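Novice: Please find one structure pasted underneath; my questions will follow.
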């Protein structure tokens with residue numbers, strides 16, 4: 001099983017990625033993890049990547065695709081892999097295609113923007129314990145207070161509504177075009193393209209898991 005998960009921030013990709021990798025016994029391939037591992041190991045690509053990171057630059061696609069190819073050659077990828085947060089742009093998708101990286105499925109988890117805003121901006125945390133709450137799905141017993149200690153809850157900057165809307169805007173500009181890229185490729189060249197499946201990310205975790213499982217059987 002070789003696949004890409006697509007969807008906006010807050011769509012629940014992480015939860016479904018864990019479910020799929022455990023179900024199929026495949027690794028989750030994260031470009032961030034690959035970069036850190038290559039830099040730590042001092043590989044030729046890692047040395048190049050470190051220079052870019054130290055200069056505060058954007059990582060060139062050639063370095064990323066080189067890391068991807070190295071990672072996919074490792075034994076744990078023999079039965080498949082799940083890409084986490086990659087590709088993010090059309091040039092990255094083209095690089096993956098040109099490198100001959102095999103894919104069976106591209107799964108899009110679709111959630112309306114307003115649902116994402118409610119879901120993410122409703123998150124509040126108790127810093128000392130790490131306990132988290134959501135005003136929509138898991139509210140504290142007393143608004144703004146931790147259930148155990150009664151101490152104040154805080155909202156992380158990443159979860160503020162304006163930040164969430166900004167991240168959704170970046171997703172719509174950069175990553176959303178991948179939905180069209182993979183769906184049109186699947187329609188035009190079904191023999192070679194990965195199967196494109198769209199599932200709703202609205203509902204309980206178990207409902208979405210069932211949709212993901214069904215999509216990977218279809």
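These residue numbers are counts, starting from 1, taken along the chain as shown.
Quick reminder: no glycine exception, Cβ is built from N, Cα and C everywhere.
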Novice: Which candidate from 36, 123, 156 does Swiss-Prot annotate alongside 10, 11, 12, 13, 14, 15, 132, 133, 203 at the ATP binding site?
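Specialist: Same ATP site in Swiss-Prot: 123.
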Novice: Identify the region 'LID' range according to Swiss-Prot, selecting from 84-121, 122-159.
Specialist: 122-159
Novice: Would you mind reading off the Cα separation of residue 10 (ATP binding site) from residue 156 (AMP binding site), to the nearest angstrom?
Specialist: 14
Novice: Rounded to the nearest Å, what's the C-alpha distance separating residue 88 (AMP binding site) and residue 123 (ATP binding site)? Just drop the number here, would you?
Specialist: 25
Novice: For a quick check of understanding: among the binding-site residues 88, 123, 156, which residue's Cβ has the most other Cβ atoms within 10 Å?
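Specialist: When each Cβ's neighbours within 10 Å are tallied, 123 leads.
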Novice: Using DSSP, would you call residue 133 (ATP binding site) helix, strand or coil?
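Specialist: Once the DSSP labels are grouped into three classes, residue 133 (ATP binding site) ends up as strand.
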